[in-house]
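Input: a single structure, listed below in C-alpha cells.
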Amino acid sequence: MEAVIKVISSACKTYCGKTSPSKKEIGAMLSLLQKEGLLMSPSDLYSPGSWDPITAALSQRAMVLGKSGELKTWGLVLGALKAAREEQVTSEQAKFWLGLGGGRVSPPGPECIEKPATERRIDKGEEVGETTVQRDAKMAPEETATPKTVGTSCYHCGTAIGCNCATASAPPPPYVGSGLYPSLAGVGEQQGQGGDTPRGAEQPRAEPGHAGLAPGPALTDWARIREELASTGPPVVAMPVVIKTEGPAWTPLEPKLITRLADTVRTKGLRSPITMAEVEALMSSPLLPHDVTNLMRVILGPAPYALWMDAWGVQLQTVIAAATRDPRHPANGQGRGERTNLDRLKGLADGMVGNPQGQAALLRPGELVAITASALQAFREVARLAEPAGPWADITQGPSESFVDFANRLIKAVEGSDLPPSARAPVIIDCFRQKSQPDIQQLIRAAPSTLTTPGEIIKYVLDRQKIAPLTDQGIAAAMSSAIQPLVMAVVNRERDGQTGSGGRARRLCYTCGSPGHYQAQCPKKRKSGNSRERCQLCDGMGHNAKQCRRRDSNQGQRPGRGLSSGPWPVSEQPAVSLAMTMEHKDRPLVRVILTNTGSHPVKQRSVYITALLDSGADITIISEEDWPTDWPVVDTANPQIHGIGGGIPMRKSRDMIELGVINRDGSLERPLLLFPAVAMVRGSILGRDCLQGLGLRLTNL
C-alpha cells in the first residue's frame, strides 16, 4: 500500500497543486475502500473500471453519514488519475505516429482505426469488458473478436467497409497484465486475433506505403516481478536514511535538536527527566553508528563519553552473542547474507569508516535497530555513573522546609538509587514517617491504614495542613493567646502600684529589693570597692553577685533578698517577668531546636519547640510539655523557681543541651551549650543566660 500511496500522492501533487491531499488522507481512503470491498488490493485503483463504483459508493456514504472527507479526497485523486491517463494516451499516440512504437494505443490494423480510449464505451456484455476480470484472476489470455470498426476508411487500403487487410499479418496474442500499470490493460486486445507470433517477438517495421503493422513494445511481466519482490520483503529504511530515486541516501540529524539537547544536558544534567525524554525522542528511530557516536560526543564530556563507549561496546557484544546463537536474528538479516559482527555494528567495516552513505547502504535494518537500542541503554548507565544521586537515608525535613519540598528531594533521591522499583514506594513511606518534622510524623501515624502509596500520604498530609496548619505563625498565635491572661495580670499589678509624677510605674530595685525606685536611684547603692557591699544572691556582706561563691548553685533563685522569706506574695512584682508587650505580642516567640549531646540512648536527639524570649528571666526554663520524657534530668540544690503564683518545682538537665534559635528566613543562630531548667510552666522561656550567650536582643527580632 505504501508504494500505491506514494504514486497517487506524486500524481496529486503534479495535477492538483496546493489542493493535493496528504499521504495520510490517501491511506485512510484506500483502507476504507478495501474495508468496503470496493478494492481487492490498493493497486486496483489504477483500473478505470473501478472508478465509477467507488464514486457512487462514497457519494452514498457521504449522504448517509454526513462525512465528506473521503469523498473529497477521492475527487482529487480521481482528477489526478484521469489527467495522468489522458496525458499518457496522448504520449503513446504521439509515439505511434512518429514511428517510435510502444505505448497503450495500438497501431491501426489493416481493417480500421479504433476510436481513442477516452471515447470508447465498454458494455458489460462485450468481451472487451472481461479484461478486468481476466486481469484480477490472472487467467490465460484468450482470442478476442475483431474490434468494432468505425465509419472511416482503412489506413492501408482506404476501403470504408469490408476491409480484408486483417489477414495480412498475424498479431501476437493479447497481454493480460496485472493492475500495477493500467496503461497496459488492453494491450493485445486491440491487435486482433490469430497468428502464432510469440509474445514479445520483434516485428518488422512497416515501410510507408506498404501493408503491415508497426513493431509492438517488448513487454515485461511486471506482476511476476512484483510477486518476487514482495516475497523477499520490502526494504526497511530508518531515519535519517531516506529513499530517493537513486536508492537509500543518508540525511544528517537536525542541528537545532542536537543544540537544544546539549543545552539541556548542561543546565539540567544527565539524570534529569527532561534530558532523558529528549534523548529518547531523538533516538526513537534507528540511527547510523556515525550519527550515534557524533551525538554522544556533542552532549557528553570527555570522561562520560569514554564511559559510554565502553558501555556501548558491552551492549553490542550482547547483540552479537544473541545473533551468533540464532541465525535468523534480525541483526543477521533473517538468515540472508553474512552474520553481523562488531565492526559492522560500530561502522568500522570496509566501506563504512567515516562514510555515512556507505553505512546506510550496507547496514541491515535489524542492525540499525540493535545499534540504536544499545546506544540508548549505554547512555542510561552512564547517567547513573556520572551523576550519582544523593543517599536517600540522609535526607531529613528541615526546620523551615515545607513537606512538599522535602517529599520532592526524597522521591528524587530514591528513584535515582539502585533500589528495585518494587521497594521504592515502601522506602519513601517509611522515610516520611521517620525523617519528617514531629508534627508531620504525628499526622502520618494517625493516618488510616488504607494509605499505601506515597501520593496518598502526601495528599493526606496536605489536606490535614489545610484544616489545621502547623506553622510557626500558628504556634506563636496559640502561645500568645495562652499567656495573654498572665500578661494582663502583670500589667494590672504594675498599674495599681504607680507612683510619682506622670503616673510612671516604679519597679523593684535590684539592689535592695524595695519597690518605688530603680537600682540607679537606690539610696543603699554601694560602690564596688566598699567592703560593706551586700551580695544580691546570698544577701551576704562584703562581696557582690559576681564574686559570690554560691552563684552556680543559686541559679534560678531571685537575686537579692528573700532566700529565707518563702514564696513571694502575689501582689509583688515577680522576678521572672514576661517581656511580651501588647503592641508586639508575637515578636518574642521564636522557634528553637534542642539537641541532646549526652551519651545516654534516647529516641530523638533533636526536638523543635517554640519558646518565649524573656529578658527579665535569669535562666532558661524548658516546659515539661516540650521536654522529651526519655531525656534524663536531675534534682538541684534549690528545687524551686520563684515567680508568679509562688515557687515552682524545678529540675535540671543531666546532659548538656545544644540550643539553636531559628530565624524567620530559616537560618540558625550560633548554637549555645547549657544545662536548662525543666519545670511545669505554661511555655518554655529563654532567659538572660541564653540571650547573652546568643547575643540576641528583643529589638533585633
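Every residue, even glycine, has its Cβ placed from backbone N, Cα and C.
Annotated features in Swiss-Prot:
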REGION    128-150  region 'Disordered'
COMPBIAS  128-141  compositional bias 'Basic and acidic residues'
MOTIF     172-175  motif 'PPXY motif'
REGION    181-215  region 'Disordered'
REGION    217-259  region 'Involved in capsid protein dimerization'
REGION    290-298  region 'Involved in capsid protein dimerization'
REGION    351-362  region 'Involved in capsid protein dimerization'
SITE      ASP418  site 'Involved in capsid protein dimerization upon acidification'
SITE      ASP430  site 'Involved in capsid protein dimerization upon acidification'
ZN_FING   507-524  zinc finger
MOTIF     524-527  motif 'Nuclear/nucleolar localization signal'
ZN_FING   533-550  zinc finger
REGION    544-571  region 'Disordered'
DOMAIN    609-690  domain 'Peptidase A2'
ACT_SITE  ASP614  active site, for protease activity
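Looking only at other Cβ atoms within 10 Å, the busiest spot among the recorded positions ASP430, ASP614 turns out to be ASP614. Across the region 'Involved in capsid protein dimerization' (351-362), DSSP helix (H, G, I), strand (E, B) and coil residues number 7 helix, 0 strand, 5 coil. Geometry remark: ASP430 (site 'Involved in capsid protein dimerization upon acidification') versus ASP418 (site 'Involved in capsid protein dimerization upon acidification'), CA distance 17 Å.
Residue pair the residue listed as 'active site, for protease activity' / ASP418 (site 'Involved in capsid protein dimerization upon acidification') shows a Cα separation of 51 Å. Annotation note: ASP430 (site 'Involved in capsid protein dimerization upon acidification') sits in a helical segment as assigned by DSSP. For the domain 'Peptidase A2' (609-690), DSSP puts the residue distribution at 3 helix, 38 strand, 41 coil.
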